[in-house]
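I'd like to ask some things about the structure below.
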């Protein structure tokens, strides 16, 4: 276990203002080989159609907390998964304590002193807390069986050291999300790793629990650990991080001491470009209020969301991961019914508890995860496109007007420029962009008045994105009211008449198009 504490800031850092407009990579501040517990050099990683990391570099010094900042899709999580052995890089190298290593999976990374606390908790719900922490490392008695007394004892000792008040014999499934998070942290600490990666560790914690976590982090820092801390919360950066690095669009932008910058400096580094004209939007007349939402909420998820949506309007919804954006869409469409608040359509109160009820009121919902909740991957285009209309105008006397439905699906496929051998091609064989077009076509066949789009261009190429943007703008021009949720700031700013911003389950503001820019939206999204 290390005992040395390395002093804060790195002399010779570039000024934050100079980095704010940078589009390339600048070298991390100089530090000796003995100082670095972890270093990444020129690492790149691509997925089909997407460059997630483009030759990035990154260093973590002993006895420091190094925050990683960037918008959704900046490459932070991909880099951390490479460091933790989950992904294999396409290029570049990783050095641990100055020595190049090849990580052959997460267990290999653990053996080399790198532990990661994932945002998505990875505990076994039907095992006890102690069994989860020491899985694969259980103490054995002289007969080679698990020594349960020793297991409880060493868990209790670990918890005492970390001031965690949880019974080691409790089944994980009975714990709150916050308690599970503390168990995950304790498990990572139990490996006595040199590097701990924490991905949004406070997302489920109360203020009191955050204070407790920060006390643990400071304790680990004093022991000489290198801690990588991924967060969207700027106040946490200034409270706990010694230094931070910013990533943008898969590129490394720069590293600075936390004490040398302001909140606005960081936002400018994360934003880095003027994009307001990248998505030209047609000016169309805005009509009457179609959808009115007042104090909408789902217990424990989001609360007090209020807004109006007019015919021909595109209302963008921005916010960081976990802000509640998608949950609002699910409540509106009856996937997870609202537990409080009121929904009105054309001024009349409606109760929506199922997607079928939402569809009867003229609503359509394109979900954010096309593979898990959108596409029927082993079915063909026709089956996927007709899925939402089989109880609609194509059914008469309990018979489906199959010929008419097929003609309309063919016409929709042509209009959306879906590239495929034909309607009987399995949708899993199509590109992401063409899959998305099929799903949009599915909902357009229902002739919706209110169209909810959750991440409409996620994971598709630039050309397909442009086509979908043109389509959404054209639908608004025909009077469709569009609610568009997106993690891509250029898309939100370029396509929206107004932008609603959410943070941690509550609405923090609605900004008119003329007043919206990335700095203002990011400020509202991190309040």
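Including glycine, each Cβ sits where the backbone N, Cα and C put it.
Below are the features I grabbed from Swiss-Prot:
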- 70, 71, 72, 73, 74, 75, 76, 77: ATP binding site (BINDING)
- 12-31: compositional bias 'Low complexity' (COMPBIAS)
- 38-274: domain 'ABC transporter 1' (DOMAIN)
- 284-523: domain 'ABC transporter 2' (DOMAIN)
- 1-31: region 'Disordered' (REGION)
Count the other Cβ atoms sitting within 10 Å of the Cβ of residue 74 (ATP binding site), across every protein chain shown.
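The answer is 22.
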Per DSSP, residue 75 (ATP binding site) is which: helix, strand or coil?
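Coil, per DSSP.
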What are the sequence-distant neighbours of residue 76 (ATP binding site), meaning same chain, six or more residues apart, C-beta distance under 8 angstroms?
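Correct list: 68, 69, 70, 230, 247.
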On the 0 to 100 scale, where does the mean pLDDT of the domain 'ABC transporter 1' (38-274) fall?
89
With every protein chain in view, how many other Cβ atoms are within 10 Å of the Cβ of residue 75 (ATP binding site)?
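That number is 24.
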